[in-house]
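Working notes, beginning with the structure itself.
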Amino acid sequence: SAWKFFSLLKWLREERQSRKLILFIVFVALLLDNMLLTVVVPIIPSYLYNLDESTDVVLKNNTPSQQNPPGAFHNIVSLYDNTVRSLVSNTTAMSTDLVPIVPTATEVPLNSSDCPRSNSKLLNENVKVGMLFASKATIQLITNPFIGPLTNRIGYQLPIFAGFCIMFISTIMFAFSSSYALLFVARSLQGVGSSCSSVAGMGMLASVYTDDEERGQAIGIALGGLALGVLVGPPFGSVMYEFVGKTAPFLILAFLAFILLLCLFPSQSQKGTPLLTLMKDPYILIAAGAICFGNMAIAMMEPTLPIWMMETMCARKWQLGVAFLPASISYLIGTNIFGTLAHKMGRWLCALIGIMVVGISVICVPFATNIYGLILPNFGVGFAIGMVDASMMPIMGYLVDLRHVSVYGSVYAIADVAFCMGFALGPSIGGSIAESIGFPWVMTIIGIVDIFFAPLCIFLRNPPGQEEKISIMCNMSKYILNLSVQVTEEEELPSCLLWMNAF
């Protein structure tokens, strides 16, 4: 078996420039990255709530009583009706009051009932959970502008390798962290690894699939890995947390990340358009905005929907993750369908319809009264986001080919920045708004924002290229020249017009 394993590694070394192998590596990279991203969604809210509950109980039970002298009898247990008679002494008489039995710190069940004990404490978890979820995207947002130009210099595969080393460490930290601070550090560290792997992975795909239609299909397949990670992550995390424990899902993901590290090797580099130049391109900014606002909707739902379900539906732990299952399945369907279909129908139209459907679907989410009522709106959210991602990710590479130098590290850094901005602002802002005015208003606000942004995608219908801009400028120069001077056929034309006449 060891010989077969080393033979597999040798084959991977020899075939590392194969387009299909590169597509497979990027697929698995996005799969694991998004499994780790979403596996915490059903775990963290319940885990932090239980952690705070147990901490409060321990503090109450460890508080010494100062009203009675040491060694005095404070309570008498009645075996007849399971009550405790509390002996309270005063200046005139001794009275007994019936007090329900309070379990000790070791006997308190950690949220074993379906309904939480304290709604006020549960609402306070919105901000903590939102900040924790947003930390990964915030760090990734800061890291991306450095990773994009770096991939242009050192190649794509080395950053992917570094990204999965960091992600492996982050996953191990998640498995064994038992405090909010350590979970925050692990989530932030994941942002650095995710930045390396996602930017370099999408750039590598765009560089090996040069035909626009083939590139759209390849990116659609790769986004299928992202969708599969989003699909498997929440139910996998909730079921493992309910029946095995918090550590198990993270150890499994760490093992898979370690296996993937063996497939990655360095590659060559190229020099592309500066990142700042790409960020000034209005068409790239519109595509990035579509990615940002489309994904911000699901980002706002991740920390707030489980808490809202615990508050209004008395949802159990496994239901907190299963609620995202329709969105994950439909996202997987959407990315695979529209990876090819978006090129035929027009990627701008696909994105416009997708963002509109996202807005309408999230507005419908708060109308659900049980977990079954979430199926249809969540399905619509996932399917529509799949439409947006499957159309806007390929168009980023197309815009670079059309208007800039065909090197893709920086432009996919911008795409990842947009993605991360949605997942950074979404949980942090969504958690605060949910605590202040409630979950339904969170969904209404982001839904209206998406609906108003959608018409901007019309500008992506026919973006001008470099040659078209030169042609426009030369025609204007010719028009002005004809107005001022009568030019004969024998006179020399401007150099830009000679260049145009050559075609």
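Our numbering is plain: 1 for the first residue shown, then up by one each step along the chain.
Cβ coordinates come from backbone N, Cα and C, glycine included.
Feature list (source: TrEMBL):
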DOMAIN    22-465  domain 'Major facilitator superfamily (MFS) profile'
TRANSMEM  21-44  transmembrane segment
TRANSMEM  160-183  transmembrane segment
TRANSMEM  221-241  transmembrane segment
TRANSMEM  247-267  transmembrane segment
TRANSMEM  283-301  transmembrane segment
TRANSMEM  321-341  transmembrane segment
TRANSMEM  348-375  transmembrane segment
TRANSMEM  381-400  transmembrane segment
TRANSMEM  407-426  transmembrane segment
TRANSMEM  438-460  transmembrane segment
Contact check, the transmembrane segment (438-460) vs the transmembrane segment (283-301), 3+ Cβ pairs under 8 Å, seq sep 6+: yes
Other parts of the chain folded back onto the transmembrane segment (348-375), taken as Cβ under 8 Å at six or more residues beyond its ends: 287, 290, 293-294, 297, 300-301, 305, 308-309, 312-313, 315, 319, 322-323, 326, 334, 338, 341-342, 381, 383-388, 390-392, 395, 439-440, 443-444, 446-451, 453-455, 457-461
Contact ranking winner - 160-183, 321-341, 381-400, 407-426 against the transmembrane segment (221-241), Cβ under 8 Å: 321-341
Annotated stretches the transmembrane segment (321-341) and the transmembrane segment (21-44) touching (3 or more Cβ pairs under 8 Å): yes
Intrachain residues whose Cβ lies under 8 Å of the transmembrane segment (381-400), provided they are six or more past its termini: 202, 206, 212, 215-216, 219-220, 223, 226-227, 230, 272-273, 278, 281, 283-284, 287-288, 290-291, 294-295, 297-298, 301, 326-335, 337-339, 342-343, 347-348, 350-351, 353-358, 361-362, 365, 406-408, 411-412, 414-415, 460, 463
For the transmembrane segment (283-301), sequence-distant contacts whose Cβ falls under 8 Å of one of its Cβ atoms, 6 or more beyond its ends: 133, 137, 324, 327, 351, 354-355, 358-359, 361-362, 365, 381-382, 384-385, 388-389, 392-393, 395-396, 399, 403, 411, 414-415, 417-419, 421-423, 425-427, 429-430, 442-443, 446-447, 449-450, 453, 456-457, 459-460, 463
Same-chain residues near the transmembrane segment (21-44), Cβ under 8 Å, at least 6 residues beyond its ends: 12, 15, 129, 132-133, 136, 160, 163-164, 167, 170-171, 174, 183, 187, 190, 193-194, 197-198, 201-202, 204-205, 208, 218, 221-230, 232-234, 236-238, 241, 246, 249-250, 253, 256-257, 260, 263-264, 302-303, 306, 317-318, 320-321, 324, 328
Surrounding residues of the transmembrane segment (160-183) on its own chain - C-beta under 8 Å, 6+ positions past either end: 25, 29, 32-33, 36, 40, 44, 48, 51, 128, 132, 189-190, 192-198, 200-201, 204, 246-247, 250-251, 253-254, 257-258, 260-261, 264-266
